[in-house]
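Record features (TrEMBL):
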REGION    1-25  region 'Disordered'
DOMAIN    15-433  domain 'Enolpyruvate transferase'
BINDING   28, 101, 129, 176, 357, 400  phosphoenolpyruvate binding site
BINDING   28, 29, 33, 174, 176, 326, 353  3-phosphoshikimate binding site
ACT_SITE  326  active site, proton acceptor
Ligand SMILES: O=C(O)C1=C[C@@H](OP(=O)(O)O)[C@@H](O)[C@H](O)C1
Ligand SMILES: C=C(OP(=O)(O)O)C(=O)O
């Protein structure tokens, strides 16, 4: 789905203490993968807690276009009857993945070793993002790819007739590249190997194993080596999607910066490959307790209790970046209220997300009275007890930029606006009512 044609300006104002329970939505990464693996399986995949944001709904639509039966049976409850590995049908129309990098890159991988042709497109944001990082390794399987200059969308892929397995070392830390190669490897005979220097989110590996694939991860001197045996029969599974730590970050941040706040955020995934923000916040002195740790749907989860309190700036090491890659915009907001400077290292990947997130955060924070210093791959925020606010931020079709500046405005002296809040629907459709329910003055 596309945004930008009907922008929705929004404003956040300084709020009283936030209190209550924030039931954040299902994990976006796991939701995409549940639909895609359900579609590549035989039998029934019953999903509960699916994120019904636009990114994931676009993936559901795409899975139908490739021949899977995908039905919504209740709130967050979906049933998929798949076509099996190698069973994708050729879609009759262009596949529009809207704003979703995960959707388009994983689906390209999932079809690249089946002899059908599909054309992928997306909105103005997605059409600027690099796809060569995925289409280059997919070509190694024997698929044929035509893209716009710079490897941009629209991209047309004709899947390999006789796919060969691939051994691929990812040039940047990216779970999307890793997952695209693994999904392509499903329909290649023999072992497909992905090597990553730094571990990235491991939802694909966990879920592939859960659906019956043979997959192993070893730590060697080359890095994390993931080996998948091709041509498994994937069998449909029940999938209970845990709540998204990347979405939880927004109410958590709001509670940390609005004086007097105390909130609970139940059932949030604590997968160590997604945990970097929470590790960082504890280092900053944040008052967060992880209660009732348990396992749900193959993922570690806990209930978060978050209280406002003093925070101090920290240096975030580059090797933590992958485990919190989507949380740097909101960390930069939290850092604006911390004592001293917060340095975020190794974050060049932020420049190729839904927007150039370093640039978007630096410009918007500066406009609201925060000092930010950027380099090509780092961002430093100078915190202060009071942040003036009073300006509008440009969101560039980026949900995380929109939500970050709306959280900022809950604790600034003057209101903070965003030019367009509509992209929030891609990942956190209930963001505004959920935040209002905690006592936040925004909308
Ligand atoms: O695999 C995934 O589900 C995701 C991987 C990350 O992207 P990269 O692989 O580009 O780092 C992340 O930014 C995105 O929101 C979700
Ligand atoms: C980068 C993100 O998503 P995607 O790459 O799927 O568009 C995100 O949700 O922050």
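The backbone N, Cα and C atoms fix where each Cβ goes, and this holds for glycine too.
TrEMBL labels come from automatic prediction, so no person has curated them.
Since the structure is predicted, the reported quantities are computational estimates derived from the model, not experimental observations.
Nonlocal intrachain contacts for the region 'Disordered' (1-25), taken as residues 6+ away from its ends with a CB within less than 8 angstroms of a stretch CB, comprise 51-54, 57-58, 96, 98-99, 123-125, 243-244, 247-248, 251, 254-255, 258-266, 268, 308, 389, 392, 397, 402, 405-423, 425-430, 432, 434, 437-443.
Among the binding-site residues 29, 33, 101, 129, 357, the residues whose Cβ sits under 6 Å from any atom of ligand 2 are 101.
Taking each of the binding-site residues 28, 33, 129, 353, 400 in turn and counting other Cβ atoms within 10 Å of its Cβ gives the largest count for 400. For the binding-site residues 33, 174, 326, 353, a Cα-Cα cutoff of 10 angstroms around residue 101 (phosphoenolpyruvate binding site) retains 353. A C-beta separation below 8 Å, combined with a sequence spacing of at least six in one chain, links residue 326 (3-phosphoshikimate binding site) to 246, 353, 400. Checked against residue 357 (phosphoenolpyruvate binding site), the binding-site residues 29, 33, 174 differ in C-alpha distance, with 174 being the nearest. There are 21 other CB atoms within 10 A of the CB of residue 101 (phosphoenolpyruvate binding site), with all protein chains counted. In this structure, the C-alpha atom of residue 174 (3-phosphoshikimate binding site) lies 14 angstrom from that of residue 129 (phosphoenolpyruvate binding site). A simple way to gauge crowding: the CB of residue 29 (3-phosphoshikimate binding site) has 28 other CB atoms within 10 angstroms, across all the protein chains here.
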